[in-house]
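Trainee: Please see the structure below; I have some questions.
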């Protein structure tokens, strides 16, 4: 049963946090060097800030579509191009621009804002089932105040990805396999998170199979489970295969993604070590990588996270190690971590199964929110204000 008071409180709080982000973005906009802003309108205002960095690529997709042949640089390597970006978000923006006559910046950012609100409401429903209404509200607030949360109102796909992910996780929790199927297939054209979703599907299906003696599995549920597993398995291939068919190069997607890498190639699990080595040296890199991985495992697998349940714990673990495998760890890491939102429950101390261990949940929530908002100011000032053509992308 829906808790309408919880949803109303979440909606008001979420929009208040987005207003804070809008004010910060508007304030730092006056320091923007428009000479380094592609597709600049010549204004130093909030709307200009909503479509910097990857937002420009989505604008280019809306205006020019995807190239029929892969562009190449002077060395013959595939250059950065639109095929790195999935099509659902720009298609939605394009349709709304046609209906309303609005600009890309206004329509795209407002679409992200609405999708972000929907995601926050779904998150509250998901968390309430695990930890109750009060803790659910606190965890959503910590998420909504997080340093990279301004992307939830920018022309980025984080808001759309959050909606689809939360729909899938709710489907897993409730064993609604057909809902998972739809969400997984949508991810195939919205955001490349199918691999960690597939791991969640396998774990949840295995747990359901173990319960078959107490709760027999009907033919319909068998079909739904199979459908969800197949959809999660196929989802990762939809966009790369389509890009290959359109361009005549079946490595079009991976070659394009490699154009954003320093070495021009994708090597799994190596980029984190390389970037940590540049930051801390070889010994420091080994130390801090070990601390990061051990700390992450302890955070998610400890008794202080037991209330998350199998679905959310598995998602956080699967997605975390997926990022470790494929991500070129740098400034974009901040926004990718938004999809690890269940950790907010642990941070506020509401992850214990035994609620007698819930200590200072309210004060901890306030502390994390204040820290997040302060860090958010730094994030906007450092990553949204462009000072050189190859600045720190988000």
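Even glycines carry a Cβ here, placed using N, Cα and C.
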Trainee: Could you tell me which of the ranges 59-77, 154-172 is annotated in TrEMBL as transmembrane segment?
Mentor: 154-172
Trainee: Considering pairs 6 or more residues apart, do the transmembrane segment (95-124) and the transmembrane segment (154-172) have at least three CB pairs under 8 Å?
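Mentor: They are in contact.
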Trainee: Could you give the residue numbers and ranges of same-chain residues that sit at least 6 residues beyond the transmembrane segment (365-386) on either side and whose C-beta is under 8 angstroms from one of its C-beta atoms?
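Mentor: The answer is 17, 20-21, 24-25, 28, 31-33, 36-37, 49, 52, 138-139, 141-142, 145-150, 331, 334, 344, 347-348, 392-394.
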Trainee: Does the chain bring the transmembrane segment (226-245) near the transmembrane segment (179-206), so that three or more CB pairs sit under 8 Å (pairs 6 or more apart in sequence)?
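Mentor: Checked: the transmembrane segment (226-245) vs the transmembrane segment (179-206), in contact.
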Trainee: Using a Cβ distance cut-off of under 8 Å, indicate which of 154-172, 279-301, 334-353 has the most pairs with the transmembrane segment (131-148).
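Mentor: Between the stretches 154-172, 279-301, 334-353, 334-353 has the largest tally.
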